[in-house]
Amino acid sequence: MKPVIAIVGRPNVGKSTLFNRLTGRRDAIVADFAGLTRDRHYGDGKLDNHEFIVIDTGGFEPDSTSGIYKEMAKQTRQAVAEADAVVFVVDVRAGLSAQDHDIARYLRATGKRVLLAANKAEGMKDGPQLAEFYELGMGEPLAVSSAHGQGVRSLIEMALEGIEPPEPEEGYSEEELRNRPTRLAVAGRPNVGKSTLINTWLGEERLVAFDLPGTTRDAIHVPFERGDKKYELIDTAGLRRKGKVFESIEKFSVVKTLQAISDANVVLLLIDATEGVSDQDAHIAGYVLDAGRAVVIAINKWDAIDSYQRETLQRSIEQRLAFLKFAPVLMISAKKRQGLGPLWKAIDDAWASATRKLPTPQLTRLLLEAVEYQQPKRAGAVRPKLRYAHQGGQNPPIIVIHGNAVEHVTEVYKRYLEARFREHFKLVGTPMRIELRASHNPFVSKDS
């Protein structure tokens, strides 16, 4: 699983700037629970081949007992509990404060691995400004500048020290795919029906095992079989055994959801028909796309809305989830067990598409036919020339296209090629990556 790094500190020390520096984006997933005045932000970071999850928190005042700061402290404590490592940010220019001491005292009590980041240290490697922060008992303060990137790489290298990155998955043979369980993550906001759907599945299929989570951030893995096919359900709903059923613990963990998506082969994004597509739904969908996972969208409680609401919802899906237009959308009722057969077929089809072998001769022929039908646009006097294609990976399918002047191929033209490949191979429910590589021209000498 991806390691988790939490960023904590008092207000206005540059935590969000560091978060944006690490994630490279500002549209992070937010834990937008009702009543919270300051939320935890979640995003993906990557250092070389090591991927990780970053949590940005509000200004932390551990001893706050009322108002906004009490809620912010509660959120920060949750982030620390979910984290493998904590980056404690202080403001080197403002100097040491009583709040810094309070936070340090709290972090020491948690037993978490903590790195002290002395932020706003532009051009500063050591000196008296850093020395006073040794008083916090957090070890050596690391001089960083979130705004300029100074020292950030070293900081994250130290945070990830001792945490091995997960092994990359290799391509699978057809026999391996038949014998290997399909890992399925059920993702969605709280109360959209995840636990109801899972209970329905586990009630009608043979339950092989049930592995209780070791910590609050571990997803539950439930191996089970349906017919002659094996699956491993990665549950984010937070289920616990209660008699003969599994009861949902009313606690939504963004980290658990992101971990489950990363670990999954296929993600089932569950949306509540009575509430429509929310910002949180769109954020989770965007994360699925970024992770390159096969995805199926299921609209639960479809039976609870009228025809006008259904038309409105379908338009909302087309607009707000347009970037997942390759994903099948199915209407279900988990409670009434309606639409579950087609849902399983869509899940199987999505995984088959994500792992399909695409022969080089067919890819090249399709590429040349597509170019003959519609050439890439010229860039000045230069027109890109695309020569051949081959598969560069699975889950998601990666198609590598070789040619000349490929840097001038537009995103619009890449989408055109993707549509041609999808149509021919009947690929559904999976993202596709197209990589363009310049071909070596043997007639150009190295000296010219």
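Every residue gets a Cβ built from N, Cα and C, even glycine.
Per Swiss-Prot, the feature GTP 1 binding site maps to 9-16, 56-60, 119-122. Cβ contacts within 10 Å of T57 (GTP 1 binding site), excluding its own Cβ and spanning all protein chains shown: 26.
When Cβ atoms from all protein chains are considered, those within 10 Å of G188 (GTP 2 binding site) total 26, not counting its own. Among the features that Swiss-Prot reports, GTP 2 binding site is placed at 188-195, 235-239, 300-303.
Sequence annotations record features per position, and here Swiss-Prot assigns domain 'EngA-type G 1' to 3-167.
Residues annotated as domain 'EngA-type G 2' in Swiss-Prot: 182-355.
In the predicted model, residues of the domain 'KH-like' (356-440) average a pLDDT of 92. Here Swiss-Prot flags 356-440 as domain 'KH-like'.
The binding-site residues F60, W302 differ in how many other CB atoms lie within 10 Å of their CB, and the one with the most is F60. Sequence-distant neighbours of N191 (GTP 2 binding site) (same chain, six or more apart, CB under 8 Å from its CB) are D272, listed in sequence order.
Sequence-distant neighbours of G9 (GTP 1 binding site) (same chain, six or more apart, CB under 8 Å from its CB) are K15, G59, F60, F88, V89, V90, D100, I103, listed in sequence order. Note: the Cα of A121 (GTP 1 binding site) and the Cα of G188 (GTP 2 binding site) are spaced 40 Å from each other.
Put simply, T57 (GTP 1 binding site) is 22 Å from G188 (GTP 2 binding site) when counted between their Cα atoms. Taking the C-alpha positions, the distance from W302 (GTP 2 binding site) to T57 (GTP 1 binding site) comes to 36 Å. For K15 (GTP 1 binding site), the count of additional Cβ atoms within 10 Å of its Cβ stands at 26 [all protein chains shown].
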